[in-house]
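Annotated features, as they stand in Swiss-Prot:
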- 75: active site (ACT_SITE)
- 119: active site (ACT_SITE)
- 55, 57, 59, 76: Ca(2+) binding site (BINDING)
- 38-98: disulfide bond (DISULFID)
- 54-144: disulfide bond (DISULFID)
- 56-72: disulfide bond (DISULFID)
- 71-125: disulfide bond (DISULFID)
- 78-118: disulfide bond (DISULFID)
- 87-111: disulfide bond (DISULFID)
- 105-116: disulfide bond (DISULFID)
- 1-21: signal peptide (SIGNAL)
């Protein structure tokens, strides 16, 4: 075997070893995005919900800033309940359909049905809640503190 071939083989092996250490991506976020688009009939891009208020996006704390942010807190809480049932919401794939009336969850196992129900409820909530541009990309350290933490900061 030529030395160049050995180098290529070594590079492939190292790449595969590195890839095996990467944690799984949140696969069902693609499905959640599709449910959101179905529920709001494509009127607002899903990205607009990824950094909104105190709960829409990664993490969450404090008091939701409005109805839309409450949808996200409820969704986070629902995923927490799914975890208590032994489900892994961010990687649970499920069946759903986008029908003229609204999106609907399809058949599946207990975790698939539960996670789909969480996502469906949130998507429908997003569709009916007003979107306030002032709550996009807010300073969560200032506006999303818990009451106890905020009181400690003022003492």
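Cβ atoms are placed via backbone N, Cα and C, with glycine included.
Since we're looking at a predicted model, the values are computed, not measured.
Here nothing among the disulfide-bonded residues 87, 98, 105, 111, 144 falls inside 10 Å of the CA of residue 72 (disulfide bond).
For residue 38 (disulfide bond), the nearest of the disulfide-bonded residues 54, 116, 144 in terms of C-alpha separation is 116. Reduced to three states, the DSSP call for residue 119 (active site) is helix. Within 8 Å of the centroid of the Cβ atoms of 55, 57, 59, 76, where the record puts Ca(2+), the same chain has further Cβ atoms from 54, 56, 58, 60, 72, 73. Ranking the recorded positions 76, 119 by the number of CB atoms within 10 A of their own CB puts 119 at the top. When the recorded positions 55, 57, 59, 75, 76, 119 are screened for a C-alpha within 10 angstroms of the C-alpha of residue 144 (disulfide bond), the residues that qualify, in sequence order, are 55. Following the DSSP three-state reduction, the secondary structure of residue 98 (disulfide bond) is strand. Ranked by Cβ neighbours within 10 A across all protein chains shown, the disulfide-bonded residues 56, 78, 87, 98, 144 are led by 56. Its Cβ placed at the centre, residue 71 (disulfide bond) has 25 other Cβ atoms within 10 Å. Note on proximity: among 71, 78, 116, 118, the disulfide-bonded residues of the record, the Cα nearest residue 57 (Ca(2+) binding site) is that of 71. In this structure, the C-alpha atom of residue 78 (disulfide bond) lies 9 angstrom from that of residue 119 (active site).
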